[in-house]
Amino acid sequence: MKDLLNLLKNQGQVEEFDAIRIGLASPEMIRSWSFGEVKKPETINYRTFKPERDGLFCAKIFGPVKDYECLCGKYKRLKHRGVICEKCGVEVALAKVRRERMAHIELASPVAHIWFLKSLPSRIGLLMDMTLRDIERVLYFESYVVIDPGMTTLEKGQLLNDEQYFEALEEFGDDFDARMGAEAVRELLHAIDLEHEIGRLREEIPQTNSETKIKKLSKRLKLMEAFQGSGNLPEWMVLTVLPVLPPDLRPLVPLDGGRFATSDLNDLYRRVINRNNRLKRLLDLSAPDIIVRNEKRMLQEAVDALLDNGRRGRAITGSNKRPLKSLADMIKGKQGRFRQNLLGKRVDYSGRSVITVGPTLRLHQCGLPKKMALELFKPFIFGKLEMRGLATTIKAAKKMVERELPEVWDVLAEVIREHPVLLNRAPTLHRLGIQAFEPVLIEGKAIQLHPLVCAAYNADFDGDQMAVHVPLTLEAQLEARALMMSTNNILSPANGEPIIVPSQDVVLGLYYMTREAINAKGEGRVFADLQEVDRVFRAGEAALHAKVKVRINETVNDRDGGSVTNTRIVDTTVGRALLYQVVPKGLSYDVVNLPMKKKAISKLINQCYRVVGLKETVIFADQLMYTGFAYSTISGVSIGVNDFVIPDEKAQIIGAATDEVKEIESQYASGLVTQGEKYNKVIDLWSKANDEVSKAMMANLSKEKVIDRHGVEVDQESFNSMYMMADSGARGSAAQIRQLAGMRGLMAKPDGSIIETPITANFREGLSVLQYFISTHGARKGLADTALKTANSGYLTRRLVDVAQDLVVTEVDCGTEHGLLMTPHIEGGDVVEPLGERVLGRVIARDVFKPGTEEIIVPAGTLVDEKWVEFIELNSIDEVIVRSPISCETRYGICAKCYGRDLARGHQVNIGEAVGVIAAQSIGEPGTQLTMRTFHIGGAASRTSAADSVQVKNGGTVRLHNLKHVERVDGHLVAVSRSGELAIADDYGRERERYKLPYGAVISVKEGDKVDAGAIVAKWDPHTHPIVTEMKGTVTYVGMEEGITIKRQTDELTGMTNIEVLDAKDRPAAGKDIRPAVKMVDDNGKDLLLPGTDVIAQYFLPANALVGVADGAKIAIGDVIARIPQETSKTRDITGGLPRVADLFEARRPKEASILAEVSGTIAFGKETKGKRRLVITPNDGSDPYEELIPKWRHLNVFEGEQVNRGEVISDGPSDPHDILRLLGVSALAKYIVNEIQDVYRLQGVKINDKHIETILRQMLRKVEIAESGDSSFIKGDQMELTHVLVENERLGAEDKFVSKFTRVLLGITKASLSTESFISAASFQETTRVLTEAAVTGKRDYLRGLKENVVVGRLIPAGTGLAYHSERKRRRDADKPLRVSASEVEAALTEALNSSGN
């Protein structure tokens, strides 16, 4: 027995390891793995089913088929363990060894490994400096390659075809060596002297000038250094020995009827063995060259197919025309080893069933069917039955359970007590898709789910199914209870708002309960306390909606933990007083003294959580739910056709619109308007009519007439069922009601254009056949869109998770002072997101001063909570620098201070939180709600007149931001910069709105002026671009000759003459190179200089400019010299929704991106080329001018002689994130990407915290490009990990050497995932072959830092509770203790870590 125990112990021994290295296998290594050579292609004997000797399933090589029994049956039983049978040669062992023991095949001729040959860039090609095409010609026996030229005129590596080879033979005889096939390639690889080559390349690179050549050489150099550093030899890329997979991993299973099911690999191996044996025989017989060659080529092809079928030529197919699955196919793709078996395993102790609603459950409970519980908890029940002595053996216990004896149910109830189970609903889009509950046994077969967690699961009860999992170990139960219990997940990790929010019936009930009605029974009564209200209501003396006065005692908690009790009389309704009974102590009565709509309820729960804490909130949420259900039942709200009240005005509105349409039609018929104008007008008309109808309808629905208690008829908010549902937020919206009771409105064709005739009917009236047909388009497109959207959104989430999976909080504070400047987010002049909301839950990076003083009011390092937000708003601070994941300086991972608040818990984030995955889930989860389509700006939207003025919405004080301006004689300011902005601040100094001011805008207010709402503070002409003078003087024309460079036009209406500059291509030959300009001179005729420079003040005029001043005219500061007409902006498609988010995260360069100034300086135009303009920027510091060629059709925002700053827009268009990063830096990039992504989500009403987007951005900015290598081993132009470069630079700095210089690089998420340090993570993401090839050649080490790598190797992940385990293991290793870590030690370490992080 003791022997057996020892044996079992030995089986499970696993060496502890800290990294995994991948490399090339040498022939010796392959032979050392092997237990024998496979010589025959036979598999098993088809009569006896015994494996053939020396075949692919040979028991002598791979081990016995049955446990502890040799093949011939001479030795059986455990006592013969390790004996080798002398008859059949089989070792007596466990049959499991057939999964582990490998064999090999000695190849008669070397074979190139297809991965290193064909996976681009071809590694063999790079090393030998030959093209892939040439190598293939050698490998597949089409040409000879010279290996050793000897004393001849041939060169090493030269290709010879048959004729050339025979000519050379005749000429030189045996003086040279030229061969073909893989052995030739192997010889050449073997002959490479890595050290010598590396030295040669390092010398050659600095001496070459051509960019492409340097690129090629540095690629070779990198590969050679990789080979040198990894200990791989180049010739190992050519195989001489082929390893054979253990037979149980490629099984052969007999089916009934004498047929066999087999793995494809067996076919591929058989093919290789057959060809190899045939080749050996041919070589022994010394057959003619041509036959041997053919056989070698076939062997090469067979091995290619085994390693990666279909990579070269046509894939080898089986009997059923299906390509065979090769070794490479086994590991890649969704069904491959990585994604199917290592990252996604099926688990034991789980079940699934349909869900149904459990309105009587508490929040931490779920209803589990008895039958399911019995099956899931079987082992626990067996154990308990045996422990109780109710069953003598496990077998007896099993029988008892099968018979379902009464005592079994008692035991089950006991086993289940306090044993949480996990409920999961697919698709699990975020971490709230799996939560823990305490099971309650129920009859029936459906799982009961608490209604409030439906929002988190996105579940409904129309047939959804959910899976149940049982956490078995004590640690698992502990984590389920402490971390995953539904009561611990009240806030959403995406935005920190409650996710346990009542919806639908509950909202309706609470809304109905808190509405007020005029002249209800009991109106005007006064009650002494809440209990009295309750009694009177139950007695039926007062109606639920009656307006009454009640004396209340309330205890209000303030933010500092104190509380104030006071008594007052409030005007309220009976229902609200009843609702206040379930509100926890500490909240004021005002929270319920209003109609409880969905938003109000959400706010109430949030406030409750912040003020009175988790436990009270959970109890309160449950109470709210019970109350809501009760009162929505009492209310009897239901919908009948009569609730859809159609407004009386509808017929008249539609009649009027129809008449107008007829009028437009007749105009079109008589040719007064074009087809396009007619279409636009008609569509405008109908959308206006639709709005009017819906306005009338809502006005009609929302009010009803009642008699008050003085007998007067008054209006009150309606109790129409449909209106109440929409108003409370329970179900439906104004848009849907409009279709039911108003008119359906305009419909779109499948191509997105709008059909001119709207559907004037609504659903109550019913649609005609034509109307129904028109409306099917939209419905169909909607369904098709949804199907596509789900797949796209899932893929986006997968890429996000992959790029961010290894980002974990690893330390408390990285000590950086850097951060992002936060300002309110402004859109179209309005503040969409105030500063307070953006900094909530962030840590302040630098002290915040009281505006205008030196007094610090918020010290650096403060975690901003709701209390601080109010404080910041009160002190009218409008910009704060906060810590951000992007600027965090932690090496591996991120620090808690830079991340700030853990949104799902409401306090500073704990060490070990997997913030990367949370960010990915928060961004990916709402993906299915985003739209898929690109919006065409056309129809109503494109004709909105271009903005030509700034009109203030709120009154306040004017503030001008980085605005360069000149003051005109009349005191108005004229903007002479492009980046100026005008903001309006309120009395507290908080910014309320902000507007961009274009060049040439005339501003009628000054800094600090007070303005009223509605005032127009700036004006400009949107259709022309003015050239404004910045000084006074006299105008002189330069190079303006009529008929050659300019033409005069007279305006018919005004009779004024304008001078227009001719386009260069319309000028006669004499005027081609003349550049017309307007020069400023003083009264003596001397040239004036631009203020502050020594540049002559002359304004060059581009083509089509209109000059408005006469030669010799006197002008003042701020006058307009000329105007350049601007073609109205072309309508372009705006990519919205999911594709836009994907584009931003993939950092794609947009088409026709905006052009930014590369340097700060003065603009000039150089010589034009065909179709392009040459823009020259001369820097002010006297360095070399920067030139750029810009296509002529691009509209430029700048003109000659103007000053621009680095990164300013020269030509409009969508921004390119790479340009922003290069020219304006990381924080400008962060601001751009965060705002752009938020705009997309905001449009759908989805809230995501900025820090999640920043977290993903941090991962996209991991790489840097080396600009100067200094004394480091980096090569210029290399892309390296930022942390890696910083570590190296620290080392160089310490040794007083030159450090390397680098620029930051932005990678798209797919590229970033593939270029991680961990090859396991990258290989399991995409492009498995390429990643593994590269990793093997460079001998990469994976240090298992991320989550994915650890899941793949089957460890705890280094996040959450697993982080404690890993750090404890590391500490042990450093202390050289024995390496088994027990649960209790981890527990102790975890407690210590939690205490130190201040929890």
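Using N, Cα and C of the backbone, Cβ positions are placed for all residues, glycine too.
Here Swiss-Prot flags Cys70, Cys72, Cys85, Cys88 as Zn(2+) 1 binding site. Neighbour list (Cys72 (Zn(2+) 1 binding site), Cβ cut-off 8 Å, at least 6 residues apart, same chain): Cys85, Lys87, Cys88, Val90.
Residues or ranges marked as Mg(2+) binding site by Swiss-Prot on the basis of sequence analysis: Asp460, Asp462, Asp464. Secondary structure from DSSP puts Asp460 (Mg(2+) binding site) in coil. Residue environment of Asp460 (Mg(2+) binding site) contains 11 other Cβ atoms, counted within 10 Å of its Cβ in all protein chains.
Sequence-distant neighbours of Cys895 (Zn(2+) 2 binding site) (same chain, 6+ residues apart, CB-CB distance under 8 A): Val809, Thr810, Glu811, Val812, Asp813, Cys814, Cys888, Glu889. Look at Swiss-Prot and you will find Cys814, Cys888, Cys895, Cys898 tagged as Zn(2+) 2 binding site, backed by sequence analysis.
Taking the mean position of the Cβ atoms of Cys70, Cys72, Cys85, Cys88 as the Zn(2+) 1 site, the remaining same-chain residues with a Cβ inside 8 Å of that point are Leu71, Gly73, Lys74, Tyr75, Glu86, Lys87, Gly89, Val90. Annotated Mg(2+) site Asp460, Asp462, Asp464; additional same-chain residues within 8 Å of its Cβ mean position, judged by their own Cβ, are Ile355, Ala459, Phe461, Gly463.
Within the group of binding-site residues (Cys70, Cys85, Cys814, Cys888, Cys898), the Cβ with the highest number of other Cβ atoms inside 10 Å belongs to Cys898. Residue environment of Asp462 (Mg(2+) binding site) contains 6 other Cβ atoms, counted within 10 Å of its Cβ in all protein chains. Same-chain residues at least 6 positions away in sequence with a Cβ under 8 Å from that of Asp464 (Mg(2+) binding site) are, in sequence order, Val354, Ile355, Arg425. Counting every protein chain shown, the number of other Cβ atoms lying within 10 Å of the Cβ of Cys88 (Zn(2+) 1 binding site) is 17. DSSP gives Cys898 (Zn(2+) 2 binding site) a helix state. Taking the Cα of Cys898 (Zn(2+) 2 binding site) as the reference point, the closest of the binding-site residues Cys70, Asp460, Asp462 is Asp460. Shown in sequence order, Glu811, Asp813, Thr816, Arg883, Pro885, Ser887, Glu889, Thr890, Ile894, Ala896, Lys897, Tyr899 are the same-chain residues outside Cys814, Cys888, Cys895, Cys898 whose Cβ sits within 8 Å of the Cβ centre of the Zn(2+) 2 site.
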